[in-house]
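Each remark here refers to the structure printed beneath this line.
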């Protein structure tokens, strides 16, 4: 919604603040929470999976089979997220932006219940299903929440509001890492409560969401409800209809223009020459982010730090340190997007990622070679000691000769 009125440029009303808070707390934070929550208590959860399979199926899993099962538990979240991202637009047009957010909250709540109930049911299947459902919910979050927030705010607030979703995800990751410490909720008796704790945030969101205004763009372009569009705008801006004439006209004109262009599909997007370079840029950015190893940091940072020589407790705190940096940079982006050009920020971010990845590659190279060198020197030292033992072994003294003949 673009407005040319200067007196509305910096106005942030209570309905906008409520919408931002509810989507942040009830959708974005749970999405990030479920990315990082599986990391710290993974040894405990793996042991639960191993014991459950043995009790229910009388089958003892080898270490390799257990790793495969654990990888499936972790990665099924990504499968659900991919499906949720692809279907988010359909849900948003079918049920409305608020309806799609409510649906993703419902899926998240159902997954939380399955997480908490899985130990009592002695069911690994419930754990896997919960991970898939919460992944589906998170995928819907990443596609619907930014759509809803950018459609209800004025142009000058789109940058900060658009960053709220990734900010909530980063905060959720950090929150799960802290709560996953053994003396908080990361113990054998409480890990399932740790996995399902985010359900409280989802319940708050589901209770408040029905009272929030729907997207004016959705009401006019999809539902063809001009009166509803006007009413939503008056609530969101906190101004009477007479003061919103320009914005209402601009909203309707933009919606009519989009409707005249017809519906967009993935195939049409791929065929569009005017959007080809923009699509390539977006895919390159997203693909580069996924291939940067960030998912490995979120899912396996504790064992990674342990392999680097840290003990279990130090590895958990190092993982929290990585989460703190991730969240602080995301929080900083909220202010930077409204003060600097997007392209400059993207170039700086990409350059920093390249430097960090090169540094990481060099560090891993020297760490691996140091281990190999230590193994080699250890073997050589062992061989030398064996040789010394053989050389220094006391020789058997000759027995004195006995003369059996007497003179």
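For all residues, glycine too, the Cβ spot is worked out from N, Cα and C.
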According to TrEMBL, which of these ranges is transmembrane segment: 277-302, 381-406? 277-302
Here TrEMBL annotates transmembrane segment, and of 45-65, 129-149 the range meant is 129-149
Could you give the residue numbers and ranges of same-chain residues that sit at least 6 residues beyond the transmembrane segment (129-149) on either side and whose C-beta is under 8 angstroms from one of its C-beta atoms? 19-20, 23, 27-28, 30-31, 34-35, 38, 73-74, 76-89, 91-92, 97-98, 100-101, 103-105, 107-108, 110-112, 114-115, 118, 161-162, 164-165, 169, 195, 215
What same-chain residues lie close to the transmembrane segment (277-302): Cβ under 8 Å, and 6 or more beyond its ends? 35-36, 38-40, 42, 74, 78, 173, 269-270, 312, 315-316, 318-319, 322, 346, 350, 353, 357, 360
Are the transmembrane segment (12-33) and the transmembrane segment (99-117) close, by which I mean at least 3 Cβ pairs under 8 Å that are 6+ residues apart in sequence? yes
Do the transmembrane segment (99-117) and the transmembrane segment (344-368) come close, with at least three CB pairs under 8 A (pairs 6 or more apart in sequence)? no
Counting only residues at least 6 beyond its ends, the same-chain positions whose CB falls under 8 A of a CB in the transmembrane segment (161-185) are 20, 23-25, 27-37, 39-41, 141-142, 145-146, 149-150, 153, 191, 193-194, 197-198, 298, 316, 319-320, 323-324, 326-327, 329-331, 333-334, 337
